[in-house]
Amino acid sequence: MPSAFQLQCHLVLIFLAASKGETRYLEVRDAGEDDPFLLLSEDLKRELSAGQIYRRSLRCIDMLSIEGQFSFTADQPQLHCATFFIGEPEELITVHYDFVNIDCQGGDFLKVFDGWILKGEKFPSSLDHPLTTSQRYADFCETGSIQRSIRSSQNVAMIFFRIQQPGNGFTVTVKKSSNLFPCNVISQTPSGRFTMVIPHQHRNCSFSIIYPVVIKISDLILGHLNGLFLKKPSAGCAGVGDFVELLGGAGLDPSKMFPLADLCHSFHGSAQMKIGCDNTVLRMVSSGKHVNRVTFEYHQLDLQEAETRKENSIEEFCLPGI
């Protein structure tokens with residue numbers, strides 16, 4: 001099932017707003033052959049021998065899921081470029097500047113962002129990230145050699161850059177490290193299984209799936225009694241410090257999505273739902289008073305499943321026109 005948001009991700013061309021702070025964003029446009037998700041598929045199929053370092057040149061618009069050393073050299077003025085990095089859910093990403101030759105005084109820039117930005121929307125959202133938006137940017141032209149390595153707070157990060165002089169460019173090394181308690185995650189695949197654990201921490205964590213999906217929650221531990229509540233205008237989990245919510249929408253930022261269902265209390269068993277949105281997010285809100293845990297599995301919603309509506313189906317929230 002093609003989705004508008006997935007097509008946006010597939011056809012990525014970056015527009016960079018020149019100002020700083022909250023006004024800095026990237027916009028999606030038609031990128032034609034520069035399809036970062038196709039490049040991701042190629043990387044996933046690549047097998048490297050033990051100890052071998054993967055090296056290749058970067059395109060202006062690129063996506064990578066593998067460690068290695070990556071270089072970009074401008075053959076013409078490149079004004080709106082970005083590379084998206086993604087790891088497994090339990091991985092963090094470190095970007096290290098090996099070599100940089102850009103004209104900062106002439107308007108070039110090279111920046112790392114802790115997360116992803118697409119069409120002005122951020123993941124993780126500003127509500128769920130431990131850093132402010134301005135702190136999530138690491139600008140080489142501002143820090144230079146002072147900060148040569150930047151590590152992400154989750155399994156996604158990105159660099160974006162402008163290089164106007166042909167022959168100028170940069171080289172970065174990308175490495176991954178383990179994250180014992182993954183919090184905010186973008187799934188590489190349209191199907192999988194995951195357990196999210198928040199150990200006595202006051203934080204909010206989101207798991208984002210950029211596909212319409214069937215999601216099945218098999219275990220939820222919040223330290224409360226049993227119960228499952230579909231969201232209603234005057235109901236939900238208001239006043240409950242620990243809960244899980246399902247969100248759906250057409251963008252990247254969970255804080256801008258439709259709230260579809262609340263799970264306020266622990267249960268063991270099965271709660272399955274169909275969500276026909278371009279992007280589906282399972283978000284856990286934790287007060288820090290409990291060790292909260294949720295286990296779920298998901299797979300892409302196909303046409304036959306989308307046309308068959310059942311009692312626990314909520315895909316109608318995301319049909320066009322809603």
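Cβ from N, Cα, C; glycine included.
Fair warning: this is a prediction, and the values are worked out from it, not measured in the lab.
The signal peptide feature in TrEMBL is assigned to 1-21. The domain 'Corticotropin-releasing factor binding protein N-terminal' annotation in TrEMBL covers 52-177. Annotation comment: TrEMBL describes CYS60-CYS81, CYS104-CYS141, CYS183-CYS205, CYS237-CYS264, CYS277-CYS318 as disulfide bond. According to TrEMBL, the feature domain 'Corticotropin-releasing factor binding protein C-terminal' maps to 185-306.
When pLDDT is averaged over the domain 'Corticotropin-releasing factor binding protein C-terminal' (185-306), the result is 85.
Every protein chain considered, the tally of other Cβ atoms within 10 Å of the Cβ of CYS237 (disulfide bond) stands at 22. Broken down with DSSP, the domain 'Corticotropin-releasing factor binding protein N-terminal' (52-177) shows 10 helix, 67 strand, 49 coil. Assigned with DSSP, the residues of the domain 'Corticotropin-releasing factor binding protein C-terminal' (185-306) fall into helix, strand and coil as follows: 7 helix, 70 strand, 45 coil. Note on CYS183 (disulfide bond): other Cβ atoms within 10 Å of its Cβ, all shown chains, come to 24. The disulfide-bonded residues CYS81, CYS104, CYS205, CYS264, CYS277 differ in how many other CB atoms lie within 10 Å of their CB, and the one with the most is CYS277.
Among the disulfide-bonded residues listed (CYS81, CYS104, CYS141, CYS264, CYS277), CYS264 has its Cα nearest to the Cα of CYS183 (disulfide bond). Annotation: CYS60 carries the greatest number of neighbouring Cβ atoms among the disulfide-bonded residues CYS60, CYS141 [cut-off 10 Å, Cβ to Cβ].
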